[in-house]
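Data block below; observations after.
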Amino acid sequence: MISRFFRHLFEALKSLKRNGWMTVAAVSSVMITLTLVAIFASVIFNTAKLATDIENNVRVVVYIRKDVEDNSQTIEKEGQTVTNNDYHKVYDSLKNMSTVKSVTFSSKEEQYEKLTEIMGDNWKIFEGDANPLYDAYIVEANAPNDVKTIAEDAKKIEGVSEVQDGGANTERLFKLASFIRVWGLGIAALLIFIAAFLISNTIRITIISRSREIQIMRLVGAKNSYIRGPFLLEGAFIGLLGAIAPSVLVFIVYQIVYQSVNKSLVGQNLSMISPDLFSPLMIALLFVIGVFIGSLGSGISMRRFLKI
């Protein structure tokens, strides 16, 4: 059994070397296909991740007027510290909504710190009294469909300056995620089929060039599995070689994209899939798909042209 495997392995490697240019063409087609598959997969998985993050973090930002101290129990008035009669009026109005999951206060100082982390030191000119930001309440909804209702009700609360719900952008992202999932997977499947077809043509030429040898093997009683073995291994090798370059690109490029794009997402409580998780899984998937494509292409040729 082991000796047969190594015999098939030797025949497959010898055939790849003998049909050098066709091997290069087949490997190149697999490489291009898997690169495109990796791109589509990266977009699909990360779009789905962002959509999930939004669904799990559906929120409305309610900005409080600058003349309202809703989160302080006392205020300074005419040089004296007095009780704040407006304490938590906005907070209580938001908290009492049946569609609200939680309400969290975010001071303008906290927002300023987050903004400088994202935008850089250019915003430091607004530090202290020059801070143009507003105190705000971060309101999490029970469900995505509740966002618009919460936003409309929050606008009616006295002391509220502005309300941001990101409704239109959120809906567009959900629609985009759905579109990419359906069409992205469809295009990836089409690319895999095309690569398998190209490999099948490469294997077919090999089969034709060795047709006399194959006929003799069949006449002397060689089993179908014995004849089929070297060709399946040859296809698998083509797929394996074609997966190397896309895997290297995934490892390098995804790391660069993650470091540059994820910074702008963190401030919105969103994130891409971590390279430590995504890259190993994607690389393993590319090698599996590569071997599958190669074996499938070889199998198609054997079935169509040898009638085995």
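Every residue, even glycine, has its Cβ placed from backbone N, Cα and C.
Membrane topology as recorded by Swiss-Prot puts Asn96 and Met272 together on one face.
Away from its own ends, the transmembrane segment (179-199) comes close to residues 25-26, 29-30, 33-34, 36-37, 40-41, 43-44, 47-48, 235, 238-239, 242, 289, 293-294, 296-298, 300 of its chain (Cβ-Cβ under 8 Å, at least six residues beyond either end). Within its own chain, the transmembrane segment (277-297) has Cβ neighbours under 8 Å at 26, 30, 33-34, 37-38, 41-42, 45, 192, 195-200, 202-203, 232, 234-240, 242-243, 246-247, 250-251, 254-255, counting only residues six or more beyond its boundaries. Outside the topological domain 'Cytoplasmic' (258-276), and at least 6 residues removed from its termini, the chain residues within Cβ reach (under 8 Å) are 45-46, 49-50, 53-54, 57, 59, 114-115, 117-118. Over the topological domain 'Extracellular' (298-308) the predicted model carries a mean pLDDT of 66.
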